[in-house]
Every structure is written in structure tokens, then in C-alpha cells.
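K.L.:
Dropping a structure here in C-alpha cells format, bear with me for questions.
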């Protein structure tokens, strides 16, 4: 490995090295780099502006200020190149060496490098086993430290105060032991680091052996952890070959002067880089210290000077890390070397990862309705500027000019020849258009420029969705790809016509929107009594002729013979069929075409006819849509907002219901929380009903006309109300917004997210009164504030995702994985949310998929499941399929083609080299920003579903109960007494049609084996509270329910009634409970076990029964109020997604069972309840294998004695903890849970993302294992290692006949995972730069430049896509353009003749 500083000699080709290593620099190394010592703090002479000799800008050390000219002016020009001037000592050479030559400062005393001292954990402290506090005392000259105790009783590394040191000198004499303070002492200690006893060897390797031995003997966990930490640092030194004393600085490098320039301003002042100030401080203090040492000054003065020097060096390396921040004259902290690297403005992110580009311009965009999909309009003036070099070249080639200078003049005069040449230059030369923020790869696309007058760029309307652009003043940037390779990539990979499908979900992203949809929708609608209704035509051509002649209307219903069949259709649809590819059947468009249908049409065309046809179709649809939208002449008038007639009655009814509930509350029948929830529900329901009435009235109309027999006739038909048309077609607006215009605005949310219980009953058409307007402003403002915040949050989420997934690249065809995941339909609450077909499309089958009945192979193992095969699978009635997945891919680096499956943006299997990690990150991050930007459109109107409190079946069939235990009340009703019971509806053959989970405390309205009709009520429950129910009849006895201690009687101010609620008590032994006694006062036993009928009450439970009441089995004895619902919005969303990907532990997470078994309660300890789960083996309970869990007092335990629980099931209420799921259920279950949870957030917003993207991120989060048992491997206990490194090391040890290490899978959040990547360059450019670099330097890390980020930073091509190693040797041959043009012209001529 070459020394990196040879970089500074001549610019190297970035491809000439394959890895880069970082390590500590020794003092000799620094002197070797240096071109001379900087002795004086002076910079330049302010009169002559010449650099001072031996100063910070010295020309002798760093090189001449002007090219080939020495300082005193004796030697000038090229002919003296390489001479060293004997007068001023300057070498005659180019001045740019001042950007690469280093100097050095020799320090009078060694100084600690602050990174290794203060970056936690302190490396120097760890190595010497001294605490940071003590270390600082020594370094900043406050205490002495024993370096060599010799014969005395001191320990090596012991601290002595001034008094103690003097006493010891008196006691033992001067030579009896050596102690010191300041840098020299620490340097001495570091030089002598080694084991306590000689048996382990010498120096650092000896120390490592000793620590390993100690670790084997260590008894306590804490001690083992401490040793492991120290061992980690020691091992790093052993492995890297760094010497510990190099963490102390004896020589400091001075960076080249042109990297810390001094610029004269007008008025004789100078602007300088902060580094010069920091270096000046160091030199001043160093020189002063040298002088004091020569003068033999008193100890105390020298000590003070040493401390100041240490502080000055600290500030130079990392200002503000320790002590006071050093500020400049303007009270601004000085920017130290570390600050140059850190943060968004640091070297990494500002200059290495993002650079400014030449050949670019930006301008406002306007719509270009007549452009083809692959074109964009480029203003002539812009094109002239961007393509200048090409124009100069052509002008010279054609002989118009002889020199570049004259070419320049010609272009400036804008002569006619220039415009001709410009036309020729830009023909077929694609340009890239980019709209900021670029949230996914479709934010940059390539187009062929068309020259236009004016100053605005014209954009094709169909690509607006991808860019998220609109024409209200958006700007876009244009970039010119210069090289042939770049042009080729732009054309093949980035052309807008090659990006029809979205990489996020694989559906078209080039879809008609707004006016286009409106026009197509309008032309495919049918209008009653239109001119020419009922006519019959022999062919589509006849229809067209009749329409052109004005014989039939666009929306008239007619009969036409199509492909030999008579079809009933409308004129508009026949005209639309004219532009659709012939492969598509007429049925595909013989319906009202709204936005969804149009997306389906484009999708279908893409699958059946390919890319080219799709592009042509898109352009034709665009033109036809715009044309018909114009002809439709749709406008909005006040009268179009139809307020439903029934609104008044509905509102009156709701007010009455609310009054009833208020009355119930006043009588004390319900709690304040239930009242609030019920009121909210009533209003939510009424708002819905008003909206439905309104949509009903606005959505249909009665058409009057003359029937066939000439009589007046009325017909109902879908309305032609413009507002309805816009919403129904999907062009603009939603039912939600129309509701606010013409229905009622409904419930609003407070900024805290609670719902205000008085809704806004008015709509915008009627107008709001002052109070209503005021309530509205709440929501609207919150929307705007949220938008600003969430955009930033979302961007940050995307950045973290990209960082963690940037090295997930497709690297091989097949990893040979034998494992996969099982996918079925996604069902929630008995409804199929996502059918299985959608989830398995484009994946690769793991095993043969067989038809359940015939046993035929539908899909072979390792075949892609495409649209056709999905149909086969769905028709065969298979409900679960095993597929290959990124999660189980065995590729050592990256991912293999088979496990990934289809590249969604191309609709075929993924290519090798595709950067699927980045695509996944963009697909997840992009909608985050979209959603955040879209919150305020509804103006904070609260959207909330009425709580589900019943189960209805959708299909008729037979009822079957699965794991349902019930209590029968005396009136015969059945109450469900456990939590994980299910009601299953089966058909006559006994096949399961649907399945519903039933809640604890629900009232069953059906019995086992009962026949039910469709949509029958099966069960109902109280949605607002969780009941605690007794299983036996008897008399209530309170236990530990003491007023004011464990229960409080709260008297309601409004109703004056008292209600008892359990409160948290100070007494740790109090166990509030209710027991059920029999006549003799003995506690009753539960029916199915020998446990007592005792019910523990969690905090917050409301008591429903009094002491001594008689109760029946199935009665409610206490209620737990459920939280009042907050509005569901992506606010729950974005932070939720971040929380999931960061793998945070929820605050109040549920304890889950680690085994299957039967629940029992043990003795309480320390005020916590003990739940014991006993497993069954072969039908027998095995108490020896039981697991115990302690659950905090006041938490609601959701299992009961005798319940059977499965592993991974929650024992109490609370959020799931992903780390628990991983530990108990394993990686696949965790991955499934994460995918479902993330998807749920996006689904609420109607955003589609393919599962495989989330899986890709989860794979990156699960890359590591934690070592539990080291075996004979090189690992340390509790160390986190990459999975594959772990497997390789184990293989090595097993081959040698040793014992393998044991590890447990580890789930890292995305930030942690990014920081722990193998590449230190990538990690340091992400976050915590200094920490990452400190660690990397000590362990002498090597970065093999495998990820994308490291390569961008090193200025190489990324190892993905066309930059992949496999494609490196391909060269592109260019035909001379002249031949190509001639060939093309010949071909055209031949084509024309044919």
C-alpha cells in the first residue's frame, strides 16, 4: 500500500488504487512529508505582501507565490525551472505546489491528540486503564502520575497531588521512583504499555494475551464488559501496527497555505482562514515555551505554558471539544480542522458527495402540450450558451472561422450560420432535466431538446407526476451530457420514454392527469337523449364520418359492428378506440374512462404491446384529452354546489342524539370519556350521511327528452354537474373536498390532535360564522406548520435510508438460497386488503407451485411469477405461496437476481449491477415527503373512522368457533371470555371463507354450527371500554380497595355523581382486586381450573359494582376506558416509519411470551405481578420448563388463568417491541411484522410501495450478529460482527477442529447500521465524522471501496449499473457523425420509396 500523501505529488488516476487505508501518523512520517519547519507565527509582510521567511506562508517551505518566480525576483520564467535561489531559498517551480506541500511545527513538549483523548470512549484512557478525568489532570498539569514505581509501594499509573509528590520525594529520595506530569509523562506511559507479568509476552501483544486470560477468569458481567472494551482497543493496535505513543503529538503537520488562504481586501485589511489564527496561537505558545525552558524558568510558569500549548493544539484539531471555545475578533467560534470535515458544510458532504456542475442552466417551466413524450422545449439562448464548445468546434470544422476567438465573436453576434449549426449540434443530443427536490430517480430524466423562442423551458405534461412539477412558477435545471458514453446512458437509461413504470410499485407513472383525464372521461360518458341515439353503424369509420358531419353527438349511445360483433357503445368511445393499439380489445375502453381506468389502459398496453406502442398511445391520449376538455367547456358556478335537502333533518336528529347522550352522562350511566367518544362518533356518522346524500344529489340527475315514440320521457342518469365530473373522473378534487363545499365541513382537530366535539355544520357554499371560522383556522395553521417540519424530517429519513442501503447492489445471478418466505393475502378485520396476487407478482417461486386439486405444476421452482401465472395461481385457489426473498438471499455481497425478482421499473427480471438499495430507499422516502406536503389541503378536517364494534359476515355459510371460551349469562347470552378466539365462516364443503378475531367481552349473537345469511351480525361489543368480566356468579368482595389510597371517588362537577376509579398507590404491596365469594364467604373457584375467582384491577379501571353486590357469570365488574381517538394522519405516519426503521423500543412495550404454554399467576414480587407460562409436552404440563414474567403494577394484563398462549403473544396491553419479536419468533417473523407495519402507514395515505423495497432495508438492518459465546474464534464476547464474517470465521475454526462461536441475530436501526458499515469513508461522511475516523485510524482500517458512496468521494465511477466491474473493459466505438448521417439519410430515402 502506497502512502496516501503521494497523492499530493501529482494528481493520480482515481482508478490506480483498489483500497485506501487510514492509520496514525508517526512523528517521523510527519517530518518526512514536511518541506520545512514553520518557526514564526508571521504570515505575510503587509507592505510588500510577500510571505515572511519561516512563517506560516513561507515560500521557502511551501513553494513560490507566482509561477516559476522566486521570492526576491532573481530567477524568473521557465528556463530556471527547478533551481533553488541561493538568496531567498525558494525553489523555482509552479505555484500550485502551495496547495500540496506540508510544513511542520516541532513541539517543545508532547501533546495529546484531542480525538484520541476526548472522543468517547477515550482511547488513551482505555489503553492505560486510566479514567478520562485523571488523564486530563495529568495532561493539563494538575497532578503527577507515577511512570515507574521501581522499589516503592506506588502503582504504575497512580496519581499524586503536588503535596503527596513532594512528600514522596522527601521520603524515598529523587531516584527511588519516576513520576511526571504533562504530555511527557503520558508519552512515557504509552511507550511502556505492556502486561503486568512477563509470562504473556512483551508490549502490546503481551497485554492482549493477558487481557484475554483475565477475561476467561472474570466472574462478574460488568468486569467482563470492561475488559472487553479495553481489549478491543488493544487488539486494534496489535492488528494495525500503530504504536500507542503516536496518539501523542511531538510534531504537528501544517497544511498547505493555499488551503488556508489569506486574501487582501480593499482598504488594506485581510480576510483570513480561521486555521491561520489557530496555527499562530500554537506557534506563539510553542516558541514561548522553548524560550522559558532555555531560561530555566520556574516550574509553575513552564507548567502553565505547557497547559496553554495543549489547549492551543486542542483548539486547532477540534475547537470546542474541550473547555471554552476559542473565538475570533467577532465572537464567532473559529473553524478547526475537524469542523472542516463535519456536517452539511463540511468537506465530505459539500465538496465530495455533491459538486457543482458546469454545462447547466435553469429556468421557469411552462407546459408544452404539443411536444412528444421524449422532447422538451429548450429556449434558443439557453441552448446557444450550453452547447458553445460544440458550436465552436463545428464552426471551425466547416471552415467559417479559423480560431476559437473568431468563433466566439461570431457566436456573440448571433449570425444566421450559428443558428443552423446549433440546430445540427443539438439534433439527437439528449439533455437532462432535473427538478429540485430530487426525491427519487425520476426527478432527473433525459429529453431531446426542441429549440423554442422565449425564455421558459417547455415540459411534457405527462412527466409532471414523476417530477412532481406544476406550472405555478416551478423552475428546472438543464444539464448537458458531454461524452458519448454519457449521451448513450442518458438515451438508453434515462430517456423519459424508458421510464414509463414507477420503480416504487411497478405501475405506470406516465399517466394522464387533470385536463387530459377530464377530456377522455367526458368523451366516454353517455348522455340520455343525445342526437343520433340508437343509430346502428357498420364500422367505426362510419361513426367517425357521422360525427364529423354533425349527425351524432359525442355522447350518444349507438350500436356498432366491431370485429364481427354488434356492440352497444357511445360515439366517443369509438373515437377513442381509434387511437388505441389494435392488440387491445374494444372491451378495454368500452366504459367510462376515469383516471384509474386510464392507468389500467396504459399498464395493459405496456404489458401487451411494449414500450414503443405505450409511448405513442400516451401522446395520442394527451392530444385527444386536451382537445375534448376544450370542447367540453366545463366551468364552475355557485349553483353546481348542491346542498342536500335532507341536511337540516339529519343535523336535527344528530343534535337530539347528542342531547340524549348528555342526559345519560348527567344521570351517571356513562363516563366523561365515553360521552366524548359517543358524541364524536355521532357527528362523524352524520357528516358521512350528509356527504352521501350530497353525492347522491350531485351525482345523478333526471334527463328529459323525447322518447322513440315521440312522447316526453324522463330518465335518471349520472350527473353532468362539473364539480361532480371533476371529482368522479379523478381530474381534480375529491369527495372529501366536495363535502366541505356543499355538505358540511364536519369535525375539526385541535393542534394537539384531539377532535373538537362541536363540528362545523356549515359548508363553504353557505359560509362559516365567526366561531366556525375560528375553529377552522386551528386545523389550517397546524397543516402549514406541519408541512414545513415534516418536509425536513422526510428528507432526513430518506438520507438515512439511502445511507444504510447504498451498498445493496445486484451482484450475481443466483445465490442458491434454499430458503424463502411465505406470502398469502393480507387480511385485516376479515377484509382482504391486498390480494395475494399483487404481493407475489414479479417474485421468483422457491419451490414448484402445484395446483391443489389436479397436482399440476403451475410455476416451476426459480421461475418468475408473471401476470399470467398469477392468474393461474389465483384461479387454483392456493392461499399461500413460498417465494424467494431479499431477506433470505445468501449472496456474500449485495443481492442476487433470483431473490430480488422483477425490476419494477422495467417489468422484467432485474439486471446485474442495479442499485436496488438506493431504489428501495427512494421509493420509501419519496412518498414520505409527498405526504407531508399534502396534509393541509383538507384544512385540518378531522378524518376518523367510527370505532368498529360489531362483526358482520360477508358470505353466507356455517359458523365455526376456534379457541373461543364463553360464559353464559342467566338470560342465555354468551360472553366471550378470552382474547384470541376466532369466528370462522365456512361454506358447505367446509372450506374457510372468512375469519374474524373476537374481542374479550364481546356478546356472541350466533352459536357454533349455526347457518348464517350474508351480512348478518355475529358479535358486538362496547368499543369505548375494555371490560373486566367475572366468570362465576356470586357476591362481590373488594380487596385492597381503600378510598384515597388505591381508589379515588371522583365526584363529577356536572352530574354530582361519584364514580370509583383505581389509582396508583404509594404502597408497593397493595393489590387492588375484586374477589367473588359464595354464601359462606369463601372465594369461588373458576370453572376450568382450580384457581380462585380473583380479578386484579389495573390503574385507571372504573369500578362498576359495589362491595357486596350480587353478580352473574358474564357480568362486567370494572371497565378500562380506551384512549380517546386521535386523528389518523401521516403525522402518526412519518415518525412511525422512522421509529420502525430506527428499531426503537417503544416506551411502554408489551411483555411477550417466549414459549407456547398455559397461563398461571405466581406470587407478586416488589409490587409487580408474576405471570408464569408453563409449556405442554406430549399433553403434560412441564413446570420445570416454565418461564416467568414480571409485569409492572397498574398495567392491564390481557391474559387470564388457564389461557393458552402462543410464543410471541403479548401478555399485556402495549406496543410490540421489534427486538422481542426477533428474539422470540426469529428474523422472518420480524421482517414480516416490519413490512406490515410500514405498509400500514403508507396504505392509510393510499400510497403503494412494493414489499421488496421494505425487505431490502430490513435486510440491511439485520446484517449483524452479536457474539454470545466466543468458542475458539478471534471474536470478543458481545462484539457485533457482520453475518458473513461470522460464518466465514466459524468455517475456518471448524476446519481447524476448533469450537465455533455462537451468535444471536441483531436488529440495528438504520442510523446505527449506516455507522457500522465496513467502509469508514461512507460512515464518516454520514454522521459523527470524528468518532468514525478516530476508530478507523486506530484500527488501521482498510476501505475496499465497494459501496457507492466511497467511490463517489474518491472520484471514481460507482460500482453499480454501467460502472460495475463487469463492464469496465467495454469501450464505445463512435462512427464519425458524417457517415452516420449519410447512412440515416439513405435509409430514409429507401423507406420513403417503399
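Glycine too: its Cβ is placed from the backbone N, Cα and C atoms.
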K.L.:
Among 609, 889, find me the residue Swiss-Prot lists at the same Zn(2+) 2 site as 815, 896, 899.
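P.N.:
Record check against Swiss-Prot: Zn(2+) 2 site with 815, 896, 899, extra candidate from 609, 889 is 889.
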K.L.:
Provide the number of Cβ atoms within 10 Å of the Cβ of residue 88 (Zn(2+) 1 binding site), excluding the reference atom itself.
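P.N.:
Excluding its own Cβ, residue 88 (Zn(2+) 1 binding site) sees 18 Cβ atoms within 10 Å.
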K.L.:
Across all chains shown, how many C-beta atoms besides its own are within 10 angstroms of the C-beta of residue 85 (Zn(2+) 1 binding site)?
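P.N.:
20, counting other Cβ atoms within 10 Å of residue 85 (Zn(2+) 1 binding site).
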K.L.:
Enumerate same-chain residues with a sequence separation of six or more from residue 474 (Mg(2+) binding site) and a Cβ-Cβ distance below 8 A; give 'none' if the list is empty.
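P.N.:
Non-local contacts for residue 474 (Mg(2+) binding site): 364, 365, 435.
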K.L.:
DSSP secondary structure for residue 70 (Zn(2+) 1 binding site), reduced to helix/strand/coil, please.
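P.N.:
Reduced to three states, the DSSP call for residue 70 (Zn(2+) 1 binding site) is coil.
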K.L.:
Hey, for the Zn(2+) 1 site built from 70, 72, 85, 88, who else sits with CB inside 8 A of the CB center?
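P.N.:
Residues close to the Zn(2+) 1 site, other than 70, 72, 85, 88: 59, 71, 73, 74, 75, 86, 87, 89, 90.
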K.L.:
Can you list the residues of the same chain, besides 470, 472, 474, whose Cβ falls within 8 Å of the Mg(2+) site's Cβ centroid?
P.N.:
365, 469, 471, 473
K.L.:
What is the nearest of the binding-site residues 70, 72, 88, 470 to residue 889 (Zn(2+) 2 binding site), using the Cα of each?
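P.N.:
Answer for the nearest of the binding-site residues: 470.
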K.L.:
Measure from the Cα of residue 899 (Zn(2+) 2 binding site) to the Cα of every one of the binding-site residues 85, 88, 470, 472, then give the nearest.
P.N.:
470
K.L.:
Just to verify a number: CA distance, residue 472 (Mg(2+) binding site) to residue 70 (Zn(2+) 1 binding site), in angstrom, no decimals.
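P.N.:
Their Cα atoms are separated by 59 Å.
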K.L.:
May I ask you to report the DSSP-based helix, strand or coil state of residue 472 (Mg(2+) binding site)?
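P.N.:
DSSP call for residue 472 (Mg(2+) binding site): coil, neither helix nor strand.
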K.L.:
Ranked by the number of other Cβ atoms within 10 Å of their own Cβ, which of the binding-site residues 72, 815, 889, 899 ranks first?
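P.N.:
Checking each of 72, 815, 889, 899, the winner is 899.
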